[in-house]
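Engineer: TrEMBL lists B:23-288 with the feature domain 'NADH:quinone oxidoreductase/Mrp antiporter transmembrane'. The domain 'NADH dehydrogenase subunit 2 C-terminal' feature in TrEMBL is assigned to B:290-344. What TrEMBL lists as transmembrane segment is B:60-80, B:92-115, B:152-171, B:178-196, B:202-219, B:239-257, B:277-294, B:326-346.
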Amino acid sequence: MTYFMSLLLMALVVGLVAVASNPTPYFAALGLVVAAGVGCGVLVGHGGSFLSLVLFLIYLGGMLVVFAYSAALAAEPFPEAWGSRSVLGYVLVYLLGVALMAGLFWGGWYEGSWVVVDGLKEFSVLRGDVSGVAVMYSFGGGMLVICAWVLLLTLLVVLELTRGLSRGTLRAV
Amino acid sequence: MNPYVLAILLSSLGLGTTLTFASSHWLLAWMGLEINTLAIAPLMAQHHHPRAVEATTKYFLTQATAAAMILFASTTNAWMTGEWSISNLSNPLASTMFVAALALKIGLAPVHFWMPEVLQGLDLLTGLILSTWQKLAPFALIIQTAHNVDPLLLTLLGVTSTLVGGWGGLNQTQLRKILAYSSIAHMGWMIIVIQYSPQLTLLALGMYIIMTSATFLTLKMSLTTKINTLATTWSKNPVLASTTALVLLSLGGLPPLTGFMPKWMILQELTKQNLPIIATTMALAALISLYFYLRLCYAMTLTVSPNTTNSTTPWRTQTTQTSLPLALFITATLGLLPMTPAILMLTT
C-alpha cells in the first residue's frame, strides 16, 4: 500500500511539472487531469473516498472540461509540443527543483506510514470526510450561504470584466 | 458602470473585509481576502483600456499568489499542529509563510514591486480604495500573527519598506506612483512597531488612511495625475492648493500636523525598547520621503510656473464633485495632533 501511495504521489509531482512547463493551455489541462486523477487516488488511500469521488466528478468532470473547451476555442493551429527544446528545458529545470527538494527532505523507510483519517482501519460507514460534509451543511450553513454569494459574485465579476465585446482589451470579438 | 453591479461589487468589498475581521479560522480569513480580490477586479478594469486591464491582471496575480501562500501556510500549520485558529501559531514555518504572504498582499518591500505599476493604471478613486480599504483585512491578520514571528523578519520588512518607499519615490513625476511609494513607506512604519505595540500599528494605519484619502481626493478634485498638471491647479482652486501643501507635509510627518503623531509614537516606542539605531534609520528614511512630498508642495503651492495670463485667472465655477469627504479628510489631516491622547485611548 505504501508503494502504491508513493507511486501515486510521484505521478502527482510529474503531472504538476507537466502543468508548470506547458507549451499551451491544452497540454496544461492534460497535466491537470493526470494530477487531479492521482490526487483523488491519494485521497482514497487516506480514507476520504467520498471527497475523492466529489473531486473527480466536479473538478475533473465539470470545471476542467469547461476549461478544456474554452482553451480549445483559443487554440493555436500549430502548438509546440513537449518534444521541442524550450519546453524540454523548462521540464528539466522543474525536475531538477523536485530532485533538490527530495534530497532536502529525504528520510528512511521508517519515517512515513500511511494511515487513514479516522482511527478504525476498515470497519466504518461514516468516515471523516462524510461526517465533515454533514457538519458543513449543519453548523457551517452560514459559510455555505457566503460561498453561494461568492459564486454569484464571480459570475458577475467575469461578466463585468468581459463586457463590451471587442471595445475592451480582453476580447478579440 | 451599471449601478446594480456597482452596488454588488462595493457590498462584496465590505463583506470580504468584514469576514476577515470576524474570522478565527484561517479558511474563513482566506475567503474574505479572496472576496476582496474578486470584487475589486471589475472596479479596476471598469474603463477597459489596456493600461487598466494590465493593472488588474498584475494585481490579481500577486494577490492570488499571496492567497495561495496563505492557504499553503494554513494547511501546513494544520498538518503540523492540528490548529486552524489564527492566533497562537506555534509552527515557525507556517507563521513565517503567513507574514510573507501578508507582506505580499499589502505591498511591503521586498515584495512591493507590483504596487507602483498597479496604482499607475487605475483612476484615482479605485486607487484610493486599493490603498486604504484593501489594506484593512490583511492588517487584521498581521496583527494577530505578528507576535509568533521571528522579530528579525518584521524589522527587515519595516526598514526595507521605508527605505524603498523613500528612494523609489524620488525620481517619479506621476502622482499615483509617488502615492504608491508613499504607501510602501507608511506600511514599513506600521510593520516596524507591530511586535512591540500593535496599538501603534492601528494608529499608524488609521492616520495613514485619513492622510492618503485626503491626498487622493485632492488630486481627484483637481483632476491631475502628474506633476506637470499639478503645477497649474492652484488657480482653479486656491484654497485647495494651500491646504494641499499642508496635507503633503502631514504625509511627510512634520509637526504640528497629524502625520507627526504615528511617527512620534513609533519612535518613542522603539526608543523605549532599546532600539536607537532602528529608530534613527527610520527617521532618516522618512526624510527621503519628505523630499518628494516637498517637491509636490513646491510644484503646486510654493511656486507658479510660467504661464499665459488667462490660465492664471480661470473662471472658478462650482465643482460637480462631492466635496464633503475631501473637506473632512483635510481637516482631520491637519488638526488631529492635539487629540493624540484621546486617539491613543481609542486604539488601546
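Backbone N, Cα and C define each Cβ position, glycine as well.
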Engineer: Is the count of Cβ pairs under 8 Å between the transmembrane segment (B:277-294) and the transmembrane segment (B:60-80), pairs 6 or more apart in sequence, 3 or more?
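Structural biologist: Contact between the transmembrane segment (B:60-80) and the transmembrane segment (B:277-294): absent, because fewer than 3 Cβ pairs are under 8 Å.
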Engineer: With pairs 6 or more apart in sequence, are the transmembrane segment (B:178-196) and the transmembrane segment (B:326-346) linked by at least 3 Cβ pairs under 8 Å?
Structural biologist: no
Engineer: Are the transmembrane segment (B:202-219) and the transmembrane segment (B:326-346) close enough to be called in contact, which here means at least 3 C-beta pairs under 8 A that are separated by 6 or more residues?
Structural biologist: yes
Engineer: Per DSSP, what is the helix/strand/coil residue tally across the domain 'NADH dehydrogenase subunit 2 C-terminal' (B:290-344)?
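Structural biologist: Output for the domain 'NADH dehydrogenase subunit 2 C-terminal' (B:290-344) reads 37 helix, 0 strand, 18 coil.
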Engineer: Should anything in the same chain at least six residues away from the transmembrane segment (B:326-346) have a Cβ under 8 Å from its Cβ atoms, list it; otherwise answer none.
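Structural biologist: Residues 199, 203, 206-207, 210-211, 213-214, 217-218, 221, 243, 246-247, 250, 255-261, 264-265 contact the transmembrane segment (B:326-346) from elsewhere in the chain.
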Engineer: Mean pLDDT for the domain 'NADH dehydrogenase subunit 2 C-terminal' (B:290-344), rounded to an integer?
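Structural biologist: That region's mean pLDDT is 92.
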